[in-house]
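Novice: Could you have a look at this structure, given as C-alpha cells, before my questions?
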2 protein chains.
Amino acid sequence: MDLTKEEILPYGHHVAKLDYRKILDRCADRPDGKYIDVTAITPTPLGEGKSTSVMGLVQGLGKRDKSVVGAIRQPSGGPTMNIKGSAAGGGRSQCIPLNEFSLGLTGDINSIMNAHNLGMVALTARMQHEANYTDAQLAQRNLKRLDIHPKKIQFSWIIDFCAQALRNITIGIGGKMDGPTIQSSFAIAVSSELMAILAIANDLADMRARIAKVVVAYDKQDRPITTADLEVDGAMTAWMVQAINPNLMQTLEGQPVLVHAGPFANIAIGQSSVIADRVGLKIAGYNVTESGFGADIGFEKFWNLKCRFSGNKPNCAVIVATIRALKCHGGAPIPVPGKPMPEEYAKENVGWVEEGCKNLLHHINTVKKAGINPVVCINAFYTDRPNEIKAVKRICEHAGARVAVSTHWEHGGDGALEFADAVIDACEEKNDFKFLYELDTPLEKRIELIAKEVYGADGVSYTPEARTKLTQLAKDPEMAELGTCMVKTHLSLSHDPKLKGVPKGWTLPIRDILTYKGAGFVVPVAGAISLMPGTGSDPAYRRVDVDLQTGRVKGVF
Amino acid sequence: MDLTKEEILPYGHHVAKLDYRKILDRCADRPDGKYIDVTAITPTPLGEGKSTSVMGLVQGLGKRDKSVVGAIRQPSGGPTMNIKGSAAGGGRSQCIPLNEFSLGLTGDINSIMNAHNLGMVALTARMQHEANYTDAQLAQRNLKRLDIHPKKIQFSWIIDFCAQALRNITIGIGGKMDGPTIQSSFAIAVSSELMAILAIANDLADMRARIAKVVVAYDKQDRPITTADLEVDGAMTAWMVQAINPNLMQTLEGQPVLVHAGPFANIAIGQSSVIADRVGLKIAGYNVTESGFGADIGFEKFWNLKCRFSGNKPNCAVIVATIRALKCHGGAPIPVPGKPMPEEYAKENVGWVEEGCKNLLHHINTVKKAGINPVVCINAFYTDRPNEIKAVKRICEHAGARVAVSTHWEHGGDGALEFADAVIDACEEKNDFKFLYELDTPLEKRIELIAKEVYGADGVSYTPEARTKLTQLAKDPEMAELGTCMVKTHLSLSHDPKLKGVPKGWTLPIRDILTYKGAGFVVPVAGAISLMPGTGSDPAYRRVDVDLQTGRVKGVF
C-alpha cells in the first residue's frame with residue numbers, strides 16, 4: 001500500500017498499528033477510493049456470514065487487481081469467552097491472525113477500559129474528598145466543591161467480560177476512607193461512551209474534545225458534571241492515545257484489513273472507526289467497511305450517524321443473505337445453535353425462500369432510501385438449490401438491486417469474482433447519498449422517521465420517563481449537534497426478537513433516552529436491553545487453553 | 001545482544017518484547033552472566049535513587065565495555081495517576097521511552113487484569129448457575145455442584161488504579177439473573193496472585209500449572225475451590241500468554257533494559273521476573289536486577305523467594321544510599337514531599353550521617369547473611385560534603401563492604417565508573433550464597449528468623465486469626481513447597497512506618513496469614529496494609545494531558 005516504515009507500528013510479527021496522522025498528512029491531496037458498506041438481512045441463529053463476505057469481497061477485488069482494504073471492528077472479550085469464541089470470516093475468507101484478533105489484539109479495549117475507569121476513580125474520589133473536607137480545605141488543593149448528586153451519577157465502571165454479578169452493585173461501603181456508599185454498576189467495555197468516541201472521532205484533537213464533554217453525573221442543582229470538571233479528561237485521553245491508531249491485519253490472501261473500535265451495534269455504534277475508514281479511503285482504491293447486524297441497525301447507524309460525523313459518502317452498500325437464513329425468515333423451523341439443523345433445510349423450498357425475501361426487500365429499500373445502490377450477495381452454501389437462488393435473483397432484480405452469488409467461503413477470492421464485479425459496477429454508477437433526516441429535525445420526528453422508514457413500525461410510544469427526557473432535550477440548545485444512536489434488538493426489524501420476516505402492525509416502544517454529550521449522540525432505547533450481558537452455564541472459556549510447547553492459544557475460534 | 005529477528009517482537013518503534021522461549025532454547029548451553037541485585041537502605045520521603053542507580057550501573061558497566069542488561073519491574077497505573085507520575089531513573093541515568101513505560105507499556109498489567117477478572121466472572125457465574133439450577137440441570141451442562149461458601153471467597157476483582165470506592169462492595173444485588181448477593185472487593189492489579197505468578201514462573205508450563213492451583217474460594221465443607229475446578233485456568237492462561245515475554249527498553253546510553261512484572265514489594269514480590277532474569281543472564285555478561293524498597297523487603301524476597309524459585313545465585317548485592325537519606329535516618333527533620341527541604345540539609349552534619357549509617361549497616365549485614373558481597377553505592381548529590389562521604393566510606397569499609405561514590409545522575413555512565421569497578425570486583429570474589437531458612441523449616445520459625453535476623457525485631461506476636469492459620473498450615477502437607485512472602489511497610493525496618501533508623505525493642509505483629517497456592521507463597525501480613533490504595537485529593541492525573549500536534553503525553557513523569 002506504499003506505506004512508509006514510520007507509518008507502520010508493528011505489534012509482534014503479524015499485527016501492526018498504522019499511524020493515522022502520518023498517513024492522512026502524506027495523502028492529504030490524494031482522492032478518496034470507493035467506499036462500500038457491507039450489511040445484511042435481519043440476523044438469524046444461522047448467521048449470514050457477513051464478516052466472511054467482507055473478507056470474500058476484499059479478496060475478490062484483490063483478484064481483480066484492485067487495490068483494496070477491509071475495515072472491521074474488534075470483538076469483545078465478553079462473547080468470546082462466553083458463547084462462541086470469535087472469528088472474522090470463515091472457510092477461505094478470513095482475517096488473520098485469529099488468536100490475536102480474539103484476545104484483545106493490540107490492547108485498544110484495555111486502553112478504553114483504563115481511560116473509562118480512571119474517570120470513575122476521579123468521580124468517586126472527588127465525592128469522597130468533598131464529603132471529608134471543608135470548602136477551605138478543598139481550596140487549599142485548588143478545588144471547588146462540585147456538589148455531585150449521589151443519585152444522579154450517569155457514568156458506570158466497565159469490564160470487557162459478561163459479568164452479571166457486577167451489573168448492580170453497591171460501592172464505598174467501608175466508611176469515610178472508602179467514600180460515600182452509592183449504587184453503581186459495571187457495563188461491558190465495548191458499550192462505553194469512550195468506545196463510541198473512538199469510533200466517531202475524526203482525529204486526536206476531536207477525540208480529546210469529545211472526552212472532555214462526557215457527562216459523568218449531575219450536581220444538586222441538576223447541572224451536568226463532565227470529565228473536564230473532574231480535571232481527568234487529559235489523563236483519560238493519555239490512556240487512549242495509542243488506541244486511536246487503527247490495527248492492521250490481513251485476509252488469508254494477503255489484502256490489508258483495518259480493525260478498529262468495537263462491536264454491539266444493537267447498543268453501540270458497533271462498526272469500524274471513522275479514522276480507519278479515512279485511512280482506508282486514502283491508501284486503497286476500494287475500502288470495504290462492515291456495519292454490524294442487519295441494515296436496520298448497522299446500516300442505519302453507518303448512514304445517519306457515522307457518515308454524517310465523518311463526511312464520507314458511500315458508493316454502494318452490500319446486503320448479505322443466505323438461502324438458509326431466508327428460509328428461516330420465510331417460515332422454516334428456527335434452528336437452535338448447538339443442535340442438529342432441522343431436516344427441512346436440506347430440501348428445496350422455493351416458497352419459504354420467496355417469503356423470506358420480504359425481509360431482504362425491506363433492507364434493499366432501506367439502502368435505496370439513502371440514495372445509494374444496493375448489491376445483494378448470496379453467500380453460497382452447498383445445500384442451496386438452483387431454483388431457490390433463481391427466485392432470490394428474480395425478486396431482487398425486480399426490486400432494482402444487483403445480485404451476485406458468491407462462493408468465497410469455499411473458494412476464497414476466486415469464488416467472489418461475480419460479487420466483486422457487481423460491486424465494481426455499482427460503484428461506477430451515479431448515486432445520490434442523502435441522510436434520512438437533518439440535524440435540525442426534532443428528536444421525536446427523527447425517531448419516528450427511523451421507526452417507520454427503516455424498521456417498518458406504525459408509530460412510536462414513550463414511557464413517561466422517556467417522554468420527560470424528550471421534552472428536556474427539545475429545549476437543549478446543543479440538541480442540533482447530536483446524532484441519534486438507536487438501541488434496539490438486532491434479531492428482528494421490530495423491538496421483539498421473536499418476530500421474524502417483516503413484522504406488521506406494531507409500535508416501537510421507547511423506554512429511555514440516554515444522552516452521550518461526549519460522543520455527540522442521543523440514544524433512544526427501544527425495549528429492555530442490558531449493557532451488561534451474562535455469562536452462561538456452559539461458557540466458551542471451558543474449552544480455551546494454551547499449547548505449552550508452542551504457546552499457541554486453542555479454542556477461541 | 002546477538003538476538004535474532006524472530007526473538008524480537010516489536011511493539012511500535014521504541015519498545016519490544018523478547019521471545020523468552022526462543023532465546024533460552026538457543027542459549028541453553030551458554031554459561032550465565034554475573035547476577036547483581038540492587039537494593040537500598042530503608043526508603044525515606046527523599047528517595048534514594050535506586051532505579052537511577054540501576055541505570056547508572058548498567059551504563060557504567062557499558063562504559064567498561066561489559067555486555068550488560070538491566071532488569072526492572074513495570075510501574076502501576078495507580079500511583080502513576082495518583083501521587084507522583086512514574087519514572088525509571090533520573091538525570092542522565094534513565095530507562096526510556098518513559099511515556100510508554102508509564103502508561104501500561106505493552107499491556108502486561110491489562111493481561112493480568114483480564115485473566116484475573118475472568119476468574120472472578122467464572123466464580124460468580126458458577127455461583128449463580130448453581131443457585132438457579134438443579135443438580136440434574138447442571139449435569140446436562142456436564143457440571144458438578146461445587147457448593148461454594150458465599151462467605152469463604154478468597155479471590156477479589158482487580159483494577160490498576162487507586163480506587164477506594166471499590167475497596168468494599170456488594171455485588172449481585174439485582175436478583176437471580178445477577179447471581180447471589182455477596183460481599184466483594186477490588187484490589188490493585190499489581191497485588192494480584194497472577195502478578196506474583198508472572199514474577200515467579202520459570203516458563204509457560206510452570207505459569208499454566210500455577211494458575212490452575214489458585215484457590216478462589218472454599219466450599220461448604222471447607223475444601224478449596226481452584227480455577228481448575230471452575231474450568232477457567234486454561235482461558236486465564238490464554239489471556240496471559242503474551243505477558244510472559246519480558247519487555248525490552250533501553251538506558252539513555254543504549255544498553256538493553258528488561259522490564260517485567262509489577263511493583264509494590266511491600267504487598268507483593270515487587271521485582272522483575274524470574275524469566276526476565278533468566279533471559280538477562282543468558283544474553284549478557286552482567287544482569288543488574290532491582291528489588292524494591294529496602295533490603296529488609298526487596299532483597300529478602302529476592303534472596304529467599306525469587307532465587308529459591310529460580311535456582312539463580314547472585315554474585316553480589318548493591319545497597320544504594322544518599323547522604324540526604326542517611327541524615328534523615330540519623331535524626332535530621334523528616335522532609336515533606338512537595339514542601340521546601342528543611343534548611344538543615346544544606347549544612348554539613350557528620351553526626352547525623354554517622355547515626356544514619358546504622359540503618360545502612362543493618363542492611364549490609366542482611367546481605368552478608370545471604371553469603372554474598374555487599375557493595376554500597378553512594379548516589380551523589382551536589383550538597384554532599386567530603387567529610388560526610390568520608391564518614392560513610394569509613395563505616396562501611398570497617399564493616400567489610402565495598403563503597404563507591406557515583407555521579408551517574410549528573411554524568412551518566414561516565415559518572416558510574418568507580419561504582420561499576422566495585423561491582424566487577426565484588427563479582428569476581430568467592431561467595432557462598434545460602435538461604436536464611438530451608439523450606440522444611442516450620443512457618444513460625446521462618447517468620448521468626450525473618451523478623452529477628454532481617455528486621456531486627458525481638459520476636460513475633462500473632463492475632464488469634466493468624467495463630468489459627470499458623471496451626472492449620474502446620475498440618476498442610478503442601479507447606480514444605482511454599483515460599484514465604486512477607487507483607488510489611490517499607491518505610492521502616494519495623495512494622496511502624498514512623499520508626500526510622502534501626503528500631504530496637506519491638507515485636508513484629510502478624511495480623512493475618514494469606515495462602516497463595518498458585519504462586520506458591522504463604523503471605524504473613526504484618527500490621528495494617530491495604531491491597532487497594534486510595535486516590536488523594538490532589539491526584540497526579542490533574543496534570544496529565546496530550547499534545548494534540550504530536551500525540552505526545554505530558555505530565556506522567
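Keep in mind that glycine also has a Cβ here, set from the backbone N, Cα and C atoms.
Below are the features I grabbed from Swiss-Prot:
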| type | residues | note |
| --- | --- | --- |
| BINDING | B:T44, B:P45, B:L46, B:G47, B:E48, B:G49, B:K50, B:S51 | ATP binding site |
Novice: I'd like the Cβ neighbour count for B:K50 (ATP binding site), meaning other Cβ atoms within 10 Å of its Cβ, all protein chains included.
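Specialist: Total other Cβ atoms inside 10 Å, all chains included: 27.
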Novice: Tell me which residues of the chain lie with their Cβ under 8 angstroms from that of B:E48 (ATP binding site), as long as they are six or more apart in sequence?
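Specialist: When sequence neighbours closer than 6 are ignored, B:E48 (ATP binding site) has B:A40, B:I41, B:V320, B:A321, B:T322, B:A325, B:N379 within Cβ distance under 8 Å.
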Novice: Which residue, of the binding-site residues B:P45, B:G47, has its CB surrounded by the fewest other CB atoms within 10 A?
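Specialist: Ranked by other Cβ atoms within 10 Å, the binding-site residues B:P45, B:G47 bottom out at B:P45.
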Novice: Pick from B:T44, B:L46, B:G49: which of these binding-site residues has the biggest number of other Cβ atoms within 10 Å of its Cβ?
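Specialist: Answer returned by the neighbour count: B:G49.
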Novice: Who sits close to B:S51 (ATP binding site): which same-chain residues at least 6 apart have their Cβ under 8 Å from its Cβ?
Specialist: B:I72, B:A87, B:A88, B:G89, B:G90, B:C95, B:E290
